[in-house]
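A short write-up of the structure that comes next.
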There are 2 protein chains.
Amino acid sequence: MYHQLRKLFIGRPLHNRELSAEHLPKWKALSIFSSDPLSSVGYGPEQIAVTLAVPGLLLYGYIGYVAAAILVLLAIVTISYVQVSQANPGGGGSYAIAMKNIGEFPALVAAASLFADYTLTVAVSISSGTEALLSAFPALISSEVTIDLCVLFGILMIVNLRGVRESSNVFVLPTYLFVLSIFVLIGIGAYQAFTGATPAIPAESSVRQPFDWMVLALLLRAFANGCSSMTGVEAISNGVPMFQKPQAANAIKTTFFMAGMLAIMLAGTTFLILHNHILPQENVTMLSLLAEETLGRGWMYYFLQLATMLVLYLAANTSYNGLPLLLSILARDGYMPRYLGARGERLSFSNGIILLSIFAGALIAGFNGNVEHLISLYAIGVFLSFTIAQTALVVHWRREKGPKWKIRAIINAFGAVITGLVVLIIAFTKFFHGAWIVLLFIPAMIYIFKAIKRHYTDMAEQLHLSIADWKSLKQGPTGKNIIVVPVSSPTSVVVQTMRYAYSISTDVIALHVTTNREMGRKVEEKWKIWDPGVRLITVYSPYRLVIDPIIHFVEKLQSNKAAEDFITVLIPEFETKKWWHRFLHNQTGWILRTLLILKKDVVVATIPYHLKK
Amino acid sequence: MYHQLRKLFIGRPLHNRELSAEHLPKWKALSIFSSDPLSSVGYGPEQIAVTLAVPGLLLYGYIGYVAAAILVLLAIVTISYVQVSQANPGGGGSYAIAMKNIGEFPALVAAASLFADYTLTVAVSISSGTEALLSAFPALISSEVTIDLCVLFGILMIVNLRGVRESSNVFVLPTYLFVLSIFVLIGIGAYQAFTGATPAIPAESSVRQPFDWMVLALLLRAFANGCSSMTGVEAISNGVPMFQKPQAANAIKTTFFMAGMLAIMLAGTTFLILHNHILPQENVTMLSLLAEETLGRGWMYYFLQLATMLVLYLAANTSYNGLPLLLSILARDGYMPRYLGARGERLSFSNGIILLSIFAGALIAGFNGNVEHLISLYAIGVFLSFTIAQTALVVHWRREKGPKWKIRAIINAFGAVITGLVVLIIAFTKFFHGAWIVLLFIPAMIYIFKAIKRHYTDMAEQLHLSIADWKSLKQGPTGKNIIVVPVSSPTSVVVQTMRYAYSISTDVIALHVTTNREMGRKVEEKWKIWDPGVRLITVYSPYRLVIDPIIHFVEKLQSNKAAEDFITVLIPEFETKKWWHRFLHNQTGWILRTLLILKKDVVVATIPYHLKK
């Protein structure tokens, strides 16, 4: 039943040899890796406008300037970032390249930043996608969180557990449809603007208060908000191993292509927002307002909204391609639990996928679906990892001294300075708006990474196998094995348990705990008559506890035994025929086993006794 | 920490020899056992009035008649019920006496009825008590369910887990204060009525529609509702063993005393309701309205309300003295899980107390605190058990043929007929109002009782010990013990596990499951170099499952082994120093152990490996 459902949703297990087939052509990789930056057209310009429209529209005219600054930044990041794919074809992006070139600490900062970024991307993209849907169908507003969680667990998690190739097939079409619709929107809008009676930028959209410190502060905050459009640019360089060969070259081409499309889309929509003087509103996205203004509320409008919704859900999927891979690399290096590094039945990193879904689901549920104000927040993590990656690349080029290494180093140094500056801008202008959360989260994660690493290192030391130890094994057993068999009343279960005890040792103790002296005496008398050749020790428990006396008895044995002796406690366990019969037996055996295993240095053996009815 | 908290709330464990001290003098027993019937003054008359006031007040004048019928019934039940204590000093009431005299089936009907009755008593009494509080302080209405559950789990459950003697001390005062206040209320009210200008029963309270079938039906339903006042009369006879000696005589005296007080209180309040023409209202109890009318809203009013609240909470406590005892008797007879029969640290039947709290809490939470309409519903269970107990007594007296046996038999036969009639009346008039639930619940419970009994009987047969079996033990082991040690990589853990394996058998197999052929080959090579004298079997798992191949391997061994051979799987388990380190190890060992124990007929031994840091 469970297995059939699992097969239905997750698919048949994939064989190890099917792993190599899981590589992506460029056009597919583009749709998987770049849906995150491309889809940010759905909320990026709005994030700029929200900051500038708030203080009485006095700064609305600056929107274009901020957008231009963002485009320049995008160009710098893109150019300096394609070099990451080149320098580091193994994937893992900032983390891997920092670890290789500038050491553990910056690498862990990058890993923690990416961790925050990926998780926030999932939560924010899903909730923005649902908002695109709600803009078109306001009747659904009350079901917002439900829709979010269904998309998260019902679609994204399952599609990703099915594995990489399937997810690309599911998601290729929406990305291209979205790009197509935005291009059509920009085309129609631009045609209207330049053939209409009004000037291309109307007077009411050109309001600009004279420049002063307050204006600068707001512009910087708008810029910080707008940087959210650039999250996800790094996804391609983190996923280089998933490209077809030549992997690095293909990844670079895809990065350039993506950045170009993103620049056109951002510039176009910002222009149209100014042209139509669109203002931010509650419960409706600006892209929806713009589409309504330009296309009217016809089928094209609905088509665009649905495409936006799909591409935003797909953007959430970017993290599913990024974080589990990053976690597996961290796990391999010992900074995360080892099991995050293992591929599941379908060759995807199942544990990482489930972990990501749970974190993102908690964010959505915790913020009740209103995660928009987290959008700009997560840009800080992204730019931190940009800065680290490029600093690491400068060291890399210097060390390699390959062809054109000086130009490459200069490009990356410039990129590092600019993105580092952006980190400072975001951290300052958004500090009280939530940036402090990220600035606490990153050190906390680094602490966790290091604690995990320490544990694994300690363990490896303790588990280290000396050959002498191993050889001594063949000399045979040196100590005794003292067997303790708790006996409640003499039944056929005791006989079976005793038979096993005799088969492994000659040193067997039967232990009877009684809550009633008289009953205890009766059991002792029966024991004498039966005479199984084993001493019965009876312990009277006046406080009616059963487990404590057994544990005390084991403790006493333990303090008297020789170092090389073993103590084994045999616990019979009934296996009932029907599930509910289990509730008719007290769980003393189970509790005793758990306590002994957790607390004591004894071997606990469970002897099954399968009831036949 | 856990132990200290436990000690604070539950108290120090009590020694077995302290059990005999846990017996109650009459005046204490009265307050414990009779708070249930006495407190029903808080809702009993209201239940009659609600039915009769509904169809346009045309039947209000009949309230007195219905109340009189209830008093007559109370007399009959009391007289015929004191004989239960006499005939059956062992406690257990209807169930025990029916089992002894008229067989399993009626006994189980009685047990099921009492089960329903006790659980409903807790839920209904607590919510009625809270309503007395809310009548005085309407501001608390929104917290109703919270208050209910705090009283249930925070007070009643804990007090009862502490043991019998404490609970009587906590609860003695409120019962007597409640009785006192009601007597004062009746006294003042009666004085006002007979010295006032208006007639004792004013004209508006004497409205009576001419008698017809519809009137009869409504009167019968009002009567059925009013019977709720009589629930709990049986509590004393179920608790005979908790009285001081002579137990039966003390129980009988207490029963008479309680019935007398109840009769006076019911008659008095009904009279005052008629005199003051009190009508049922939402959110305020009739007793509160009556007290306000008679005493004004002064300190006496608040005192009465709080006393009513306390005594109703105390009434819920009656079930805590009744149900766990009944469950322990049922457990002793094999109709309920055995562990319900064991006394806890404080000599109370802890498991039964917790079970009752959970059921009652579920009822309160499920009905959102509005359990008033369940009040009349549970009378059906009570009267069913009355009828069964008295039928059983008739048989008992006939069989014993003691002094005056004929008179005793006639009294009980009469009681049985009357209470049987009441069962029919309640079942018919309240069928669609919820009586059907009880009429479904009782057969379901009987089915469960019998299924449990069947399981224990089957088990006893299977566990039966033949002496021959036992004797054969001493001839020593006959079969081999095949040891399987799953090995992931050769570490010091494997050495320790192997050392244990050698100490118990010469027939050891190391089993390595690899998800990667190359890694598997490396482990095999290392094994050859180390040469521990044991064959290593490597299984390649191309679908990256680890547990399934081990289980398949064990299955294959199982089908090849001789019948008398054992198979033992040794599972090493890391015990980490810090709790969170546990999450850094995958739980394969734990899952493998659980699956093997549940499904396979093999011994599973856990070898602890305590990490030092």
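Using N, Cα and C of the backbone, Cβ positions are placed for all residues, glycine too.
Just so you know, TrEMBL annotations are computer predictions that nobody has curated.
Note that this is a predicted model, so its numbers are computed, not measured.
The transmembrane segment annotation in TrEMBL covers A:62-84, A:105-126, A:132-159, A:171-193, A:213-236, A:256-279, A:299-327, A:348-369, A:375-397, A:409-428, A:434-452.
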Stretch in A:62-84, A:105-126, A:132-159, A:375-397, A:434-452 most in contact with the transmembrane segment (A:299-327), if contact is a CB pair under 8 A: A:105-126
Cβ contacts under 8 Å made by the transmembrane segment (A:409-428) with residues that lie 6+ beyond its boundaries: 73, 76-77, 79-81, 83, 220, 223-224, 227, 376, 379-380, 383-384, 386-387, 390-391, 393-394, 397-398, 435, 439
Any contact, the transmembrane segment (A:62-84) to the transmembrane segment (A:213-236), with at least 3 Cβ pairs under 8 A: yes
Range from A:105-126, A:213-236, A:348-369, A:375-397, A:434-452 with most C-beta pairs under 8 A to the transmembrane segment (A:132-159): A:348-369
Per Cβ pairs under 8 Å, the stretch of A:105-126, A:213-236, A:348-369, A:375-397 packing most closely against the transmembrane segment (A:434-452): A:105-126
Positions whose Cβ lies under 8 angstroms from the transmembrane segment (A:375-397), at least six residues beyond its ends: 43, 47, 77, 80-81, 83-84, 87, 93-95, 97-98, 100-102, 106-107, 109-110, 112-117, 120-121, 124, 128, 224-225, 227-228, 230-234, 237, 405-406, 408-409, 412-413, 415-416, 419-420, 422-423, 426-427, 430, 433-435, 437-439, 442
